[in-house]
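To start, the structure itself, in structure tokens.
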Amino acid sequence: MGLLNAVFGTYSEREVKRLKPTIQKINDLDEELQKLSDEELKAKTPAFKERLANGETLDDILPEAFAVVREASKRVLGMKHYDEQLMGGMILHQGRISEMKTGEGKTLVATLPAYLNGLSGNGVHIVTVNDYLAKRDAEQMGELYGFLGLTTGVIVHELNNDQRRESYASDITYGTNNEFGFDYLRDNMVIYKEERVQRPLNFAIVDEVDSILIDEARTPLIISGQGEKSTEFYKVADYFAKKLVVEKDFTRDEKANAVMLTDEGVRKAEVTFKVANYADAENIELQHYVTQALKANFAMRRDKDYMVKDGEVIIVDEFTGRLMEGRRYSDGLHQAIEAKEGVKIARESKTLATITFQNYFRMYKKLSGMTGTALTEENEFREIYGLDVIVIPTHRPIARKDNPDLVFSTELGKIKAVASEVEKAHAKGQPVLVGTVSIEKSELVSSMLKKKGVPHQVLNAKFHEQEAEIISHAGEKGMVTIATNMAGRGTDIKLGEGVVELGGLKIIGTERHESRRIDNQLRGRSGRQGDPGESTFFISLEDDLMRIFGSEKIQGVVEKLGLQEEEAIESKMVSKAIENAQKKVEGNNFDIRKQLLGYDDVMNIQREVIYKQRSEVLEGEDVKEEILSMTKDIIADAVNTYVTGESEDYREEFLHLMVALQDICIAPGTVNLPSLENLSNEEIIESLFESARKFYEHKEEEFGAERLREVERVVLLRAVDTKWMNHIDNMDHLKQGIGLQSFKQIDPVQAYQMEGSEMFNDMIKAIKEETVRLLFHVRIEVAPERVRVAQETAAIHEESSSAAAPGPGQNQPGGPGGPSAGPVAPVRNLDKHGRNELCPCGSGKKFKNCCGREA
């Protein structure tokens, strides 16, 4: 490949070359547009819309539209797009990923395809990683769009539904991935179509696309309601875990991030919890509590994986070091950590709606993204999202010097060397940015610098409010900044006066991240737009990556050299070994995400069926024919179940049949049983259906057609929502237990597909039965009205219950590495009704003989 690339250029270089004729067309329009008055320039927008209405395509008007945006940007923002930014904009319009280095002006690049696609009137979503960036970009770029006659909206956490609806109705809408995803889920929980806020998903431009579509893709978005399980047992399990001794009672597998009881540990559990056999299926819930207590105490680290703030356990994002307020680990792990830390334990919640980012973003008609680092994950973008990555050349050549890694034998020696290096740079006034992988490490470096009297600012999850402010000053003379990973991403570091002469911003990485992309992001903070700069990674053999994934060969080399504590070696072999370790971890993480997607694809097909059904009901379509079709299905199912001809007395079969159907859709005394004696099953079905249809026609006369249509919609919505929520719960339990199938040499994803499909069919059958039963028994004086079947209590981007987020069957509860919570009956939130009171559904029966049978 190297030789071919040398001769023909890389794929990106060839694609960029193909854009050049269009760039020339845009540049040729420059002079003409400069002569236009502001009013004449603004008039271009309605002219473009008219041309689109007359049959021209977006591609036809692209050169002119881009040229108009460029001229307007120069007038309104004082910034004119470079040729490279025009290239980036064209790649985004084509539905691809533009890899553009830090400082190349990605925010400005997005205005080109956003304006062009905004002309269609179908909406453009620009997706950012946090509310601050969404507000900032909408405010700044909104001036440009407003000048050109397009509207801009922003979606942030605190907006109410009316404000959200208004923002989504704008031509261009900025917002975070979480907000867009949650609004989609909420729109599919509404009971009136007017409550929806989103329009159909048209075109998304995802900023920091690697962070959103890859780093965050391991964890689903979940809207939840209050569960009913007690939290007391988490405390008991925590007390038990704290008494255990490592290696004697349990073992730790750091690579898989799993903790498992030894035989001695199992014996202690049996004594403590007074059970004969800990491994028995009846103790599956006990195993679940103990597994999570072990993980909380021995795999999850405070100030690395999570923080305790104001009596609350808050997850720390492993990629950015940011606090993930409002997110919780799933599967009871969060409760186990709360027990470990002695803070208030929140109840486990019940999932009302859920989706992964992979499946949410794949629903857009066109998807594109931009980032400084995507090429290392090119395969994943192509395989999962059908997106290819095009590297856009920098406007000026990169002048940053990337030094080889320095390898130390101990962690302490490395940190001392980092502090000395910072002290040297600070003495001459060169600004330094020190990147760490955790809050813990940030504080260690900070304390070393304090001892040396070096003034510095610390940017980590604890101070994330001042993030943009701190990072924007990091390039000033004499400034030393310690940042957890990529905190502050999205804010440019501009060099202060006299810093260029000192060599620009110096980057020091204190550890290699398990993803090469994160390391490249840290490096990319220096040397923006052709500025000078340098970067060096300081590594020790005690670092997590080296300890867990590094080879013994490296340790052997370093030990032979007999290095002093603060001595380091530079070695290509070591750098290569580190890169191989990173590739290994990246490959493993890709497999995990692929497996997660395999599971969610099953749910996705089911979700589409349910949401389509809801949408049809909400749109006010006449569902009478569907109700009658459901009725016929129920009758056919009952006839084929009970009338088999196997019983000696056919009357016994008919008796069972009538008992089953009278409860659902056949009125007592309306069927003459002897008349069915000599009929085939098909004829029996037709006869019974005719009887049911007549009964329903009578019901329609009693209610009035219009009123019954609304009752049908109410009942169908309620049945769909109740059964779907219970189904989500059941599928979740299935997923947790399915990993055990790998012991039987069965692919867990295939087993999940098959069993999940059966469960879905059962749910559809249950929806039909409940809908038909309620409609055939509803009485005019207690006709039901539309109400939500469950109230949302939280919208969380749920964290996987493992820090390494393994897929089902990979050392998580339910996989070979640990027991499962097992398929327990889903928690149901039913209003408390007396068993002998009339059922609130309007059937006229006692609660215990109607809906109360399910409770």
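Using N, Cα and C of the backbone, Cβ positions are placed for all residues, glycine too.
The ATP binding site annotation in Swiss-Prot covers GLN85, GLY103, GLU104, GLY105, LYS106, THR107, ASP492, and the record cites sequence analysis as its basis. The Cβ of LYS106 (ATP binding site) lies under 8 Å from the Cβ of GLY88, SER98, MET100, ASP207, MET370, THR371, GLY372, each on the same chain and at least six residues away in sequence.
The Zn(2+) binding site annotation in Swiss-Prot covers CYS839, CYS841, CYS850, CYS851 and rests on sequence analysis.
The annotation compositional bias 'Low complexity' is assigned in Swiss-Prot to 801-811.
Sequence annotations record features per position, and here Swiss-Prot assigns region 'Disordered' to 794-845.
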Item to check | Among the ATP-binding set GLN85, GLY103, GLU104, GLY105, LYS106, THR107, ASP492, as the record gives it, the longest Cα-Cα distance in Å | outcome: 17
Next on the checklist: What is the set of residues, excluding GLN85, GLY103, GLU104, GLY105, LYS106, THR107, ASP492, whose C-beta falls within 8 angstroms of the centroid of the C-beta atoms at the ATP site?
Outcome noted: MET100, THR102, LEU108, VAL109
Item to check | Among GLU104, ASP492, which are binding-site residues, the residue with the most C-beta atoms within 10 angstroms of its C-beta | outcome: GLU104
